[in-house]
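Enquirer: Attaching a single structure in structure tokens format; questions to follow.
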Amino acid sequence: MAFHNNHFNHFTDQQQHQPPPPPQQQQQQHFQESAPPNWLLRSDNNFLNLHTAASAAATSSDSPSSAAANQWLSRSSSFLQRGNTANNNNNETSGDVIEDVPGGEESMIGEKKEAERWQNARHKAEILSHPLYEQLLSAHVACLRIATPVDQLPRIDAQLAQSQNVVAKYSTLEAAQGLLAGDDKELDHFMTHYVLLLCSFKEQLQQHVRVHAMEAVMACWEIEQSLQSFTGVSPGEGTGATMSEDEDEQVESDAHLFDGSLDGLGFGPLVPTESERSLMERVRQELKHELKQGYKEKIVDIREEILRKRRAGKLPGDTTSVLKSWWQSHSKWPYPTEEDKARLVQETGLQLKQINNWFINQRKRNWHSNPSSSTVSKNKRRSNAGENSGRDR
């Protein structure tokens, strides 16, 4: 069984009339998939067909096959094409022979195309029922997330939510055709190697975004800074000054000359483009994610240490109740003697240092709420000061 390059292009409602793709898209799309069976064209799903803005606006075209030009999903690797060269050559040869047959044989061409469509649908049903399909889909979507602008990422999630509809379609086909998930070593080999290929491609894309693309953005920024230092004009800067008409004309001519030199050199605008801003935002998100992953363990350890110290600083509730009881009974003079402290140590099981710290903090908390104790303290200090002054005399 051979797996052709279009086996990952799920049948969706993609037969909208669309204008022909531009030349750049035509160069990138060497493989055109055949039209799906009619029974699969009733779906409103748009499973990972990310190029839908242009197709929805252009419904007056007469070329149904151009729907494949806007499809992102499923451009299989080159090793899949090499494995099917013989089959493709045979199909092309048979097609040429049929074309030479008179017009009465056109029905044979239609039957041949219909058989190819159902064969492709059968292969897709086998792929979707394979145990590695979820891993294959996850690896492919991971590559898409790297190459997709940040503001377009929610569209991938929205289309992933419709994946069950696609699986249900091909499950119906599989049940109707009586397909059984048997021991297909070729399919297992294909699924395993394709998942590994996508994972490797994801790493290459990440390396490109983090290193090469960021270097290109920084190089453009350095060029802008150099131009600004040479000319003294910053991006989007206005003069805001009042000049005479002659000076205005001179400045205007200089500005036109400066703009022309920029166009001639091909530097383009000095302000970042939307793609550059999206790329810088993606790099920032990637670096933020890496920093979180790299310092996650240290952050967790520091948090646990802080919580442990907080828990260690709090005394048990039964011990504080004993200390509070003593405090309330001695509210006029909340200064325990050494004998009182020794008795509290025996009753609470705390250390002498802990008891001293608790009374210090308790007096600070109740310094203004207990005027009687503060008055007694002041009177005692005054009496002690008077006795000391009398002795000095």
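Each residue, glycine too, has its Cβ placed from N, Cα and C.
Below are the features I grabbed from Swiss-Prot:
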| type | residues | note |
| --- | --- | --- |
| COMPBIAS | 1-13 | compositional bias 'Polar residues' |
| REGION | 1-39 | region 'Disordered' |
| REGION | 81-114 | region 'Disordered' |
| DOMAIN | 286-306 | domain 'ELK' |
| DNA_BIND | 307-370 | DNA-binding region |
| REGION | 363-393 | region 'Disordered' |
| COMPBIAS | 368-377 | compositional bias 'Polar residues' |
Enquirer: For the domain 'ELK' (286-306), how many residues does DSSP put in helix, in strand and in coil?
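Expert: So the counts come to 21 helix, 0 strand, 0 coil.
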Enquirer: With helix taken as DSSP H, G or I, strand as E or B and everything else coil, how many residues of the DNA-binding region (307-370) land in each class?
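Expert: Across the DNA-binding region (307-370), DSSP assigns the residues as follows: 45 helix, 0 strand, 19 coil.
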Enquirer: Average the pLDDT scores across the DNA-binding region (307-370) and report the rounded value.
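Expert: That region's mean pLDDT is 82.
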